[in-house]
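First the structure, in the form of structure tokens, and then the observations on it.
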Amino acid sequence: REKTGVATTLALVGFSYVLPYILASPFAGALVDRWDRKLVMMLSDIASGISTLAVLLLFLSGRLEVWHLYITSAFSGAFQAFQFPAFSAAVTLMLDKEQYARANGMLSLARSASGIFAPVAAGILLPIIGIGGIMSFDVLSFVVAVGALAVIHVPSPPDSTPAKERPSLLEDSVFGFRYIKERPSLLGLQSIFFIINFVASISFALLAPMILSRTGNDSIVLGSVQSAFGIGGVVGGLLMSAWGGPKKKVYGLLLGLVSSSLLGNVLMGLGR
């Protein structure tokens, strides 16, 4: 942003991350079923850390260009496609089914808590230590994440399928699409998520440039706005951890989506 000041560039960086993520996801799920979940998560974090380290070294050497961000974002996105299915599968192996909703609430709480303090801290530290210092902290966070995974026990699922009967990688990759297609309710839910994420990605791509343009590039104000998202996530995470959600999970899901759209995106669009 400091180098270009163009919202289009931010959107293209995000697109460079999302496109490889989408393309790799069907195969990632099938491969995660064949590989050790813990190892997959560690390798995904290492790959993302390498991407950030590469950007940091290019920045410190004065050679960083926008196209470097496209490449490193694509590299990181491809590997992160393995992170989510490996993480989700690991959680299901470590918990009873009755605890899934509460566990997801606690995980959301943890992610949102970091989202409260990190943007404000970045806004405060940016004028002091610069982008290089911020990225150094980012690299360090990946080191901590990999170290934490190294000491955590992640059980492996029992392999009850004989090797001769195991479907091929392509068959496993297509299975997910076929499974969703054969279940209209699940297909409808996926379609809702697609539309919401598509529209939301446009607004989020414009959010940071809009705030910076109206505040004279004040990074602290931007960090404060981003922290507000984290505060909402913490409240929601606490609620889900204590409540566990409604018996019909789809009602809670739809209520959250409608509330987020009406009280979040609509109000943001009407703001001045």
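Cβ atoms here come from the backbone N, Cα and C positions, even for glycine.
Predicted automatically and left uncurated, TrEMBL annotations should be read as such.
Marked as domain 'Major facilitator superfamily (MFS) profile' by TrEMBL: 1-159.
Remote same-chain residues near the transmembrane segment (6-32) are listed as 40, 66, 69-71, 73-78, 80-82, 85-86, 89, 169, 172-177, 201, 205-206, 208-209 (criterion: CB distance under 8 Å, separation of at least six residues from the stretch ends). Marked as transmembrane segment by TrEMBL: 6-32 (among others).
Under the heading transmembrane segment, TrEMBL lists 39-61 (among others).
Residues or ranges marked as transmembrane segment by TrEMBL: 67-95 (among others). Sequence-distant contacts of the transmembrane segment (67-95) (same chain, six or more residues past either end, CB-CB distance under 8 Å): 12-14, 16-25, 28-29, 31-33, 35, 37-38, 40-41, 43-45, 47-48, 50-52, 54-55, 58, 103, 107, 154-157.
Under the heading transmembrane segment, TrEMBL lists 116-149 (among others).
The transmembrane segment annotation in TrEMBL covers 187-208 (among others).
Sequence annotations record features per position, and here TrEMBL assigns transmembrane segment to 220-244 (among others).
If you look up TrEMBL, you'll see 250-270 (among others) marked as transmembrane segment.
Averaged across the domain 'Major facilitator superfamily (MFS) profile' (1-159), the predicted model reaches a pLDDT of 82.
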